[in-house]
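What TrEMBL lists as transmembrane segment is 21-44, 66-92, 104-129, 141-164.
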Amino acid sequence: MRLNPVSLSFENMPRQKDFGCLSLRFGCIFSALVTILYTILALAQCLASLDKEIPTSIDTSNLDNILLYCFEVAVIVCHIVTLILTTIMLVGVLKEKSYLMKPWLVWTSCLVLGNLFLIVFCTVLMMVFNRLDVEPGLLVSYLVAFLALLFRIYMLTLVGSFYLQLEEEKIERLRTLLNTDTWHSAA
């Protein structure tokens, strides 16, 4: 028995028609500005945290500090890539160029899947190690991370819908142009 493979393309993504009572374009601009603001604040926090933990000399016996340091550097690199791709996406939205939006869509899709995996993984770990009696601060941060993931999924849906709308308009313009050229050659 052969199973039908699920296509992981943007065409199968749920479509939005608008951003509340505003246009998709405005929703994409809002998403880009919120992402840029969040990324700048997260970079500032990561750099401040990294500044406190920069080792004066690398001691190979303390592997935990080295791994934490490498993890923070990786998070900083991810935030820098997000900032660059979000800026490119914002330019693509403002100029209505879909090819400038696609890298952000792919990157954000990977980030959403990674965050979803981490939330599920942490939940399973908490259940396996019977840590259901967590402190309220951890529970609040867990809830905030989940709400941020939902918001990021909504932003991804908005930008993906606008991307598909621009692609469909481009195809329709090409179709109209092709039909016009055919009509002139037939006359």
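Along the chain as shown, the residues are counted starting at 1.
Any Cβ shown, glycine's included, is placed from N, Cα and C.
Note that TrEMBL annotation is computational and uncurated.
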### Query
Other than its close neighbours in sequence, what residues sit by the transmembrane segment (21-44), given a CB gap under 8 Å and a spacing of at least six beyond its ends?
76, 79-80, 82-83, 86-87, 89-90, 93-94, 96, 101, 155, 158-159, 161-162, 165
## Note on the structure
Outside the transmembrane segment (104-129), at least 6 residues beyond either end, the same-chain residues with a Cβ under 8 Å of its Cβ set are 10, 78, 81-82, 85-86, 88-89, 92, 142, 145-146, 149, 152-153, 155-156, 159-160, 163
